[in-house]
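Working notes for the structure below.
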Amino acid sequence: MNYPSPHHEDDEHEDEVFLEDSDIIEEINVDEEELVDADDDDEEDEQGGGEFMDEADDSLHTFTGHTGELYTVTCSPTDASLVVTGGGDDRGFMWKIGQGDFAFELQGHTDSVSSLAFSSDGQLLASGSLDGNIRVWDITSGGLKDTLEGPEKGIEWVRWHPRGHVVLAGSEDSSIWMWNADTNAFMNTFLGHAGSVTCGDFTPDGKLICTGSDDATLRIWDPKSAQSIHVVRGHPYHTEGLTCLAISSDSTLALTGSKDGSAHIVNIITGKVVTSLSAHTDSIECASFSASAPWAATGGMDNKLIIWDLQQSLPRSTCEHPDGVACLLWLGQYKYVATGCVDGKVRIWDSRSGECVRTFSGHADAIQCLAASSNGEYLVSVSIDETSRVFEIAEFN
């Protein structure tokens with residue numbers, strides 16, 4: 001395990017702007033006599049004098065340690081400054097908001113880091129990779145605790161049991177695996193899906209497991225027997241693969257979104273579809289319940305965030321974006337929703353009025369994932385532009 005030179009940019013020099021190749025909008029041929037000296041031009045850009053930069057950077061901290069697209073981010077549930085990011089450079093990094101001298105590399109994966117998750121007590125971190133392995137890290141020592149093996153293809157997602165060191169993961173090979181991270185012991189394999197297991201989780205009470213697949217089904221499992229209790233498929237359910245899943249805080253309802261543009265709510269106890277939410281016209285990429293009202297939020301490639309009134313099964317608000325909505329997060333007391341957009345912007349929406357109350361600029365490409373610090377003060381985004389950025393959101397708690 002080595003400690004690489006950290007790559008951070010803090011907000012001490014907010015006025016400085018840096019140009020990269022990805023910032024070029026158009027190349028214009030000019031007469032050679034009009035050209036300024038190249039060295040002077042470079043120096044001007046380094047000092048923030050580039051006249052073609054029209055985008056502000058609203059982030060208070062930028063982490064640039066990665067050398068590839070970023071796919072996933074998670075924040076510690078116990079340390080409000082601790083962030084972990086992972087991406088296409090086959091690496092994860094642990095770093096701290098506002099502490100540019102701290103960065104710890106999670107080494108050992110041989111393919112993209114696709115999923116990251118902290119245990120509920122914040123003691124352990126699981127990193128899932130397209131190499132098919134999950135590596136478990138001890139946060140206190142920073143060392144590798146276990147490597148959990150089994151799936152034959154890439155890991156799509158990793159989750160922890162809400163009250164213990166039990167790891168659950170879904171794979172591209174259509175299987176779900178469960179391990180005890182304290183003992184490094186395999187516990188169960190859940191077999192039945194006929195396609196990549198794209199989403200899944202324990203219910204908040206820890207008693208059941210819900211998983212969604214590219215095979216257009218939702219399965220509800222008994223963790224102890226590894227048997228399917230319910231398989232939800234066919235009319236009126238999804239006609240194409242599931243992309244996202246959320247479970248209500250009382251462990252009774254599962255909200256799923258699909259490539260077919262539909263969202264459905266399933267009663268986990270009965271396995272029956274209780275509500276169909278129809279308004280999106282393209283793939284739904286993210287979905288989440290509000291914990292403080294009978295509302296839910298869905299985001300899709302039709303450029304919409306929709307806030308749903310679940311009692312009426314109708315949209316409360318439709319929040320239009322310039323491009324697809326890749327990820328969303330309810331904030332604080334659930335009045336506000338944050339979205340990460342393909343246009344590189346992070347937006348904060350008032351769920352009651354449907355108004356966009358803040359747009360955060362800084363990223364140069366699509367946002368892939370969002371996470372909030374445990375104290376609710378910071379929103380962390382990761383992007384295809386190879387950076388992670390931190391934005392202040394205390395006012396939206």
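Here, residue 1 is simply the first one shown, and the rest follow in order.
Cβ coordinates are placed from backbone N, Cα and C, and glycine is handled just like the others.
Record features (TrEMBL):
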- 30-57: compositional bias 'Acidic residues' (COMPBIAS)
- 30-63: region 'Disordered' (REGION)
- 63-105: repeat 'WD' (REPEAT)
- 106-147: repeat 'WD' (REPEAT)
- 148-189: repeat 'WD' (REPEAT)
- 190-231: repeat 'WD' (REPEAT)
- 277-318: repeat 'WD' (REPEAT)
- 318-359: repeat 'WD' (REPEAT)
- 360-397: repeat 'WD' (REPEAT)
If contact means at least 3 Cβ pairs within less than 8 Å, sequence distance 6 or more, would you call the repeat 'WD' (63-105) and the repeat 'WD' (190-231) in contact?
no
With DSSP as the reference, give the number of residues of the repeat 'WD' (63-105) in helix, strand and coil.
0 helix, 25 strand, 18 coil
For the repeat 'WD' (190-231), distant same-chain residues with Cβ under 8 A (at least six beyond the ends):
153, 156-157, 159-164, 168, 170-178, 237-245, 247, 249-251, 254, 256, 258, 266, 268, 270-271
Treating G and I as helix alongside H, and B as strand alongside E, what does DSSP give for the repeat 'WD' (318-359) in helix, strand and coil?
0 helix, 25 strand, 17 coil
